[in-house]
Amino acid sequence: MCNTPTYCDLGKAAKDVFNKGYGFGMVKIDLRTKSCSGVEFSTSGHAYTDTGKASGNLETKYKVCNYGLTFTQKWNTDNTLGTEISLENKLAEGLKLTLDTIFVPNTGKKSGKLKASYKRDCFSLGSNVDIDFSGPTIYGWAVLAFEGWLAGYQMSFDTAKSKLSQNNFALGYKAADFQLHTHVNDGTEFGGSIYQKVNEKIETSINLAWTAGSNNTRFGIAAKYKLDCRTSLSAKVNNASLIGLGYTQTLRPGVKLTLSALIDGKNFNAGGHKVGLGFELEA
């Protein structure tokens, strides 16, 4: 099993408790389905209640399992077209190669990335290269795992300026029901998170972040409680007195409803609170 996480997935359990089950200030619909020929369709639409702006996207995915190939096409209402071709676990177990391209017909702008990642039980590493003739940017990351401990490094190098534009470190520990994650970004941004699965129904998370040279410390607490196999409640609060509440209900297999609200605790009577509504449909 190649289960070492990527750098971006470090601390993911804590992030999920804070982010999943909420959709403040918008009405959102997600639809996923699969054709008889094996083509996967995914579409989503958002309407923001404060601005009235609406957006949407469509994604199709087709897998050729015998050759380890996956073809993905994307389109959104900004008229941006994306194509992704990936080859996984064929040249070597745990190796994934990807070509990701973007085309904007209105402006003729084209861009792309070459991606490579390699995962094993005790490490994972990867690199992305922008396809830009003026000077590509090279991204790289690596994560080492040993007896539950995780250490990661992430960087980006701007070849046009010949300097590092990103320099991040992370250290964490992962167990079955507990995760600890700390990180330092560019030597100026510091953060950490703790995830605890109390039991089969309750998950909790704590998040802390601050920036060097600033007194602005960000702190938050979040929890998720499963009432039953169909219903869950979510709540979170931060040091800015913003309170988030979420309710998720599986109405029937493949149909999920999410209600959420963001309350400004400092200005409770002044209004400005946000609500959200979401539907997820899968067939």
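All residue numbers here begin at 1 and follow the chain in the order shown.
In case you wondered, yes, glycine gets a Cβ from its N, Cα and C as well.
Predicted, not measured: the structure shown is a model, and the values here were computed from it.
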Matching 15-23, 150-158 to Swiss-Prot annotations, transmembrane segment lands on 150-158
If you count CB pairs under 8 A between the transmembrane segment (273-282) and each of 26-35, 189-198, 231-238, the winner is 26-35
Within 10 Å of Ile263 (NAD(+) binding site), Cα to Cα, which of the recorded positions Thr4, Lys53, Lys109, Lys110, Ser241 are there? Ser241
For the C-alpha pair, I'd like the distance in angstrom between Ile243 (NAD(+) binding site) and Lys12 (N6-acetyllysine), rounded off. 21
